[in-house]
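Per TrEMBL, the features are:
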type     : residues      : note
DISULFID : Cys205-Cys222 : disulfide bond
DISULFID : Cys337-Cys348 : disulfide bond
DISULFID : Cys342-Cys391 : disulfide bond
CARBOHYD : Asn329        : N-linked glycosylation site
SIGNAL   : 1-31          : signal peptide
Amino acid sequence: MTVSSTIRQVQSPVLLSLLLLFTAFADFCTAAPPQQARPPFLYGQPFIIFWGIPDSSCSGQPDPRSFGMEREGRVAVFYEDTLGNYPYFVDKDTPVNRGLPQHIRLDNHLQKTQQDLEAALPAPRYLGLGVLQWAEWAPQWSRNQGKQAIYLEASRNLLKAFFPYWTPEEVDFEAAAQSVMMETLREVKRLRPKALWGVSPYPSCCNGDPAQTMLANYTDQCPAAEMALNDELLWLWKQCSALYPLLTLEKLYLSCQIREALRVSSLPVTEFDLPVFPLVKSVYTSTNTFLSQADLVNTIGESAAMGTAGVVIWERKFVRKVLGPYSINVTTAAQLCSVSLCRGKGRCVRRNLESTAYIHLPSPSKVKEKVPEKVRGCFIVFAHFASPFTCQCFISKIFLNLKSLVYSGDPLVIKYTSWVKGPVHYTKKMNKIKHKK
């Protein structure tokens, strides 16, 4: 049956309804729309999900593109320690690049910015998202709270040495912070003009206190004071070509955050509304577990429904502090278990597949309990592998040399059990083997 014959069989009232529906959608974009938005980043894709986690951290598996996501090559996230000489504090007594924006030499910073950017994005016509993930301090004095208060105190101390009677309001922190951010954005836009540049986590509502979001009377409105502070950042929005707010998992707060970002994007600073790409964390911060289906709806679904240009699936801390270290833990433990139990000629496998034993490096507390006093604090013990695990031998002649293993810790001593001609316990330190009865 052809398409035309199918249409002829549709009852006229139904066909009329369909035509009216299509007409309504066709006229939607011409019926007094708000300020026009920038065309989609990719043709025909009004909402794009970007995979912002580096492929090197995930080995490209699974391929994000198979799920309709744009992968890493489209997203460049620069942190405090990866672009220029951004000043910040690791802690109160540990400044990096002298800690304060007042101390920075802009010419040196911009020169280093160019070097870092050209190394990270060698293609001059790079077409993608460019995110400056600079959250160590806020460019507005009043927004530096909690950990960020370090910058307020350091700024006060800096000025007291020269002007002991100045009040904190007279400190030139904001002017220096504005200069650093504006000049950096100008430089990256000059070097990679086709990228969409912005600074995260701005704009912000600063009302995402978990204790507050649990209150029955909590609303999803951005406080008027915070909106006024965002309006004061017109100098920042003028330099941005996209906005990258950072979403949390509280639904009320993230709806408020998206709404405020969309409001800021429509401020009269550019010809078009700035595209908004919220950064969506891929895991719970408290439990290090991936987002649930409901969370994906609340973050990605909410962003799409509210009219953002897309989202960036992102979480540097998870890859660097959770997934990465855990991967190293397991792979190192598997190598050392193979050497200790299988002489490097097999892999460790659970004796009982339904048990809860795992191939993990032992915690320091367990090491101290099991290692003899004379070697305590210097060695890692693997006697616990022998009971729950057995060897699955390799067919090919593969041998892991203990000396070739790289481990960033203390010298290794491996306690293991050999089941050749009965259980014989060994303690091995480098190439010395000592039998124990």
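Heads up, the Cβ atoms here are built off N, Cα and C, so glycines get one too.
Model, not experiment: these values are computed from the prediction.
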Query = Rounded to the nearest angstrom, how far is the Cα of Cys342 (disulfide bond) from the Cα of Cys348 (disulfide bond)?
reply = 7
Remark   = For Cys337 (disulfide bond) and Cys205 (disulfide bond), the CA-to-CA distance in whole Å is 50
Request  = Run through the Cβ atoms and count how many others sit within 10 Å of the one on Cys342 (disulfide bond).
outcome  = 23
Ask   = In Å, rounded, how far does the Cα of Cys205 (disulfide bond) sit from the Cα of Cys342 (disulfide bond)?
value = 57
Remark   = Smallest number of other CB atoms within 10 Å: among the disulfide-bonded residues Cys205, Cys222, Cys337, Cys348, Cys391, that is Cys391
Pairwise CA distance, Cys391 (disulfide bond) versus Asn329 (N-linked glycosylation site), rounded so that it is a whole Å = 20
